[in-house]
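The feature repeat 'TPR 1' is assigned by Swiss-Prot to 12-45. The repeat 'TPR 2' annotation in Swiss-Prot covers 46-79. Annotation source Swiss-Prot lists repeat 'TPR 3' at 80-113. Positions annotated as repeat 'TPR 4' by Swiss-Prot: 114-147. Residues annotated as repeat 'TPR 5' in Swiss-Prot: 148-181. For 182-215, the entry in Swiss-Prot reads repeat 'TPR 6'. The feature repeat 'TPR 7' is assigned by Swiss-Prot to 216-249. Among the features that Swiss-Prot reports, repeat 'TPR 8' is placed at 250-283. Annotated repeat 'TPR 9' per Swiss-Prot: 289-320, in sequence order.
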Amino acid sequence: MDYDNMVKTLEILKDVVNALECADKGNFDKALEYLEKAQKVDKDNPLVLYVKGIVLKLKGDMEKAEKYFECLENIEGTSLLSLGNLICLTFVKGEYERTLKYIEKLSRLSKPCYLSPFHKALIYIEFGEFEKALEALDEFLKIYPNLTSILRQKASILEILGKLDEALDCVNKILSIKKDDAHAWYLKGRILKKLGNIKEALDALKMAINLNENLVHVYKDIAYLELANNNYEEALNYITKYLEKFPNDVEAKFYLALIYENLNKVDDALKIYDKIISNKNVKDKLLIKSSILNKARILEKLGKIEEAVETYNKAFDNNI
């Protein structure tokens with residue numbers, strides 16, 4: 001390198017260092033000024049282009065950041081650093097086909113890079129292509145076999161696909177790595193519920209809520225299972241806690257009415273069924289018809305036959 005080129009390189013490095021210092025302190029505009037100064041010396045300098053892309057990304061200007069990473073990719077032919085950033089940027093923008101194109105290129109060049117299988121899995125989940133998502137997650141797990149967040153994602157997909165035994169094995173692996181993972185316990189309870197293992201499902205769901213009391217939605221699952229298990233007082237306790245947080249959940253109110261029925265609090269049950277039936281915002285026709293039929297059954301038991309028959313007839317109204 002001759003003297004002039006050496007001076008030019010040092011000037012560029014000085015501007016890049018200054019830009020990095022400014023960017024590190026959040027002064028992105030000043031950082032960009034230094035980088036533009038460096039570009040006047042060498043417009044297509046790869047280091048300047050890369051740092052400029054990073055600064056623009058941090059500043060939130062995704063379009064311009066992407067432009068510089070693409071420019072660097074074109075100049076260099078192959079830039080792994082640019083590919084990694086292009087994957088993230090196009091994914092955030094929802095341009096999944098482009099993301100997959102960059103993923104394919106990066107995965108050929110750097111197999112251990114987690115970005116490729118991770119984003120690929122998320123895209124296939126978005127597309128509803130769950131088998132392909134599983135393949136991508138398995139690629140990821142070859143690199144990091146004990147990463148519980150990825151194992152959880154895999155277990156959830158297996159559950160969606162109805163592969164419940166495999167999903168349960170996956171959750172059990174998570175719990176062998178991290179026994180206090182509240183979401184994994186919730187997932188286990190949900191899967192066991194689908195497998196018909198009520199007692200084990202309840203144990204798992206209660207463990208989840210003990211580990212993280214903010215998982216309020218779990219109260220509803222527990223209430224449903226306690227109801228199915230004829231533990232009505234327990235069911236009442238959990239559904240009440242749930243409805244304190246989500247008072248407008250109509251399905252949960254329906255469970256509450258069923259619980260009241262089984263506790264012989266028929267007046268309370270009837271009030272809830274009437275509210276569900278008269279609620280114009282309820283779109284679930286099955287829930288409305290079930291409420292009408294349950295109301296009719298109660299009226300029949302109370303000896304109010306004429307009112308019961310009238311209510312039964314409403315259940316067969318096609319306008320419901």
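Just so it is clear, glycine is given a Cβ too, placed from its N, Cα and C backbone atoms.
If you look at the repeat 'TPR 8' (250-283), the same-chain residues 6 or more away from its ends with a CB under 8 A from one of its CBs are 220, 223-224, 227, 230, 232-233, 235-236, 239-240, 242-243, 290-292, 294-295, 298, 301-302.
Remote same-chain partners of the repeat 'TPR 4' (114-147), defined as residues 6 or more beyond its termini with a Cβ less than 8 Å from a stretch Cβ, comprise 84, 87-88, 91, 96, 99-100, 103, 106-107, 153-154, 157-158, 160-161, 177.
Proximity of distant same-chain residues to the repeat 'TPR 9' (289-320), defined by a Cβ-Cβ separation under 8 Å and at least 6 residues beyond the stretch ends, is recorded for 254, 257-258, 261, 266, 269-270, 273-274, 276-277. Confidence for the repeat 'TPR 9' (289-320), expressed as mean pLDDT, is 88.
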